[in-house]
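Engineer: I have a structure here, written as structure tokens, and I will follow up with some questions on it.
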Amino acid sequence: MAPLSAENIFPIIFLLLTTFSVSKAELHAHYYDQTCPQLEKIISETVLKASKHDPKVPARILRMFFHDCFIRGCDASILIDSTAINQAEKDGPPNISVRSFYVIDEAKAKLELACPRTVSCADIISISARDVVAMSGGPYWNVLKGRKDGRVSKASDTTNLPAPTFNVSQLIQSFAKRGLTVKDLVTLSRGHTLGFSHCSSFEARLRNFSSLHYTDPSMNAEFVLDLRKKCPKPNHNHNAGQFLDSTASVFDNDYYKQLLAGKGVFSSDQSLVGDHRTKSFVKAFAKDQGLFFKEFTASMLKLGNLRGSTNGEVRLNCRMAN
């Protein structure tokens, strides 16, 4: 056998050092068929009940899934509580507004009664994310299962999350590190359809934007005036903000139509229209909701397959390692 050349060694080293890997072999849709057949019914009923009580739950669960998978892979590290000696992911600055952890806690408690020590918290998040999309009018897909829960959660890792101020190149780079394509980027950004943002995340676009422009020139002028009314200076209403599209409780393709009209709330979202690498996908999804649903399903499965540490477990309490 010929010795390995430098050209062959470097790719191998790169693969060994890659933080995230996509491992489809270990995950499958029927993972719990024998050990916890009532799994999906228990989770969907819990999520539906919580969503009826609090309309913000769907957006929060979907955001929870994104933020969990983007850090260490989909390992439920976002659920671990901070301790006296460790500040966990959920207390990192980008995750302060991620809430509704109680929904996952309730589902876990019911599952521990039905099938103890069997279902991982990571799988509960993944199934819940699918459920909130489907119950909001979006597509339904079979979630691949078999994830394990991680034992590590550090607030400092949340700096790796894409920021709402990122430009397209930064977004593409962030997604590429996780094996996600430009199409995945545009598709998964649509998760903002079920969202609300406080003024602090976008008010820099409304006033004193740059030395050349008082407001962000990529924004629709009437939209800017509307946002200024909702986010005055000084602003004493800490709950003030804006829904991320005009049909915020419905999962549809309106988000892309809003971007084309210059009504993206985040600069990172609006930038998708101003770059040739992403604009074609925005236009295609704005025109064809069926295409968007198909691609969103594919991208969610891809994101859900991001795996971090193989040294996982099935937590008994989602807020702490066993």
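Any Cβ shown, glycine's included, is placed from N, Cα and C.
Automated prediction, rather than curation, is the source of TrEMBL annotations.
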Engineer: TrEMBL annotation: CYS74 disulfide-bonded to which of CYS36, CYS69?
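Structural biologist: Here TrEMBL pairs CYS74 with CYS69 via a disulfide bond.
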Engineer: Could you pull the disulfide partner of CYS121 out of CYS231, CYS318, going by TrEMBL?
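Structural biologist: Recorded partner, per TrEMBL: CYS318.
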Engineer: Based on the record in TrEMBL, give the one of CYS115, CYS231 in a disulfide bond with CYS199.
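Structural biologist: That record, TrEMBL, gives the partner as CYS231.
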Engineer: What subset of the recorded positions ASP68, CYS69, CYS115, CYS121, PRO162, CYS318 lies within 10 angstroms of CYS231 (disulfide bond) at the C-alpha level?
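Structural biologist: Final answer: none.
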Engineer: Inside 10 Å of the Cβ of GLY73 (Ca(2+) 1 binding site), count up the other Cβ atoms and send me the figure.
Structural biologist: 27
Engineer: If I take every residue in the domain 'Plant heme peroxidase family profile' (26-322) and average their pLDDT values, what number comes out?
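Structural biologist: Across the residues of the domain 'Plant heme peroxidase family profile' (26-322) the model's pLDDT averages 92 on the 0 to 100 scale.
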Engineer: Rank the disulfide-bonded residues CYS69, CYS74, CYS121, CYS318 by the number of other Cβ atoms within 10 Å of each Cβ, and give the residue at the low end.
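Structural biologist: Ranked by other Cβ atoms within 10 Å, the disulfide-bonded residues CYS69, CYS74, CYS121, CYS318 bottom out at CYS318.
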Engineer: Rounded to an integer, what is the Cα-Cα distance in Å between HIS67 (active site, proton acceptor) and CYS74 (disulfide bond)?
Structural biologist: 9
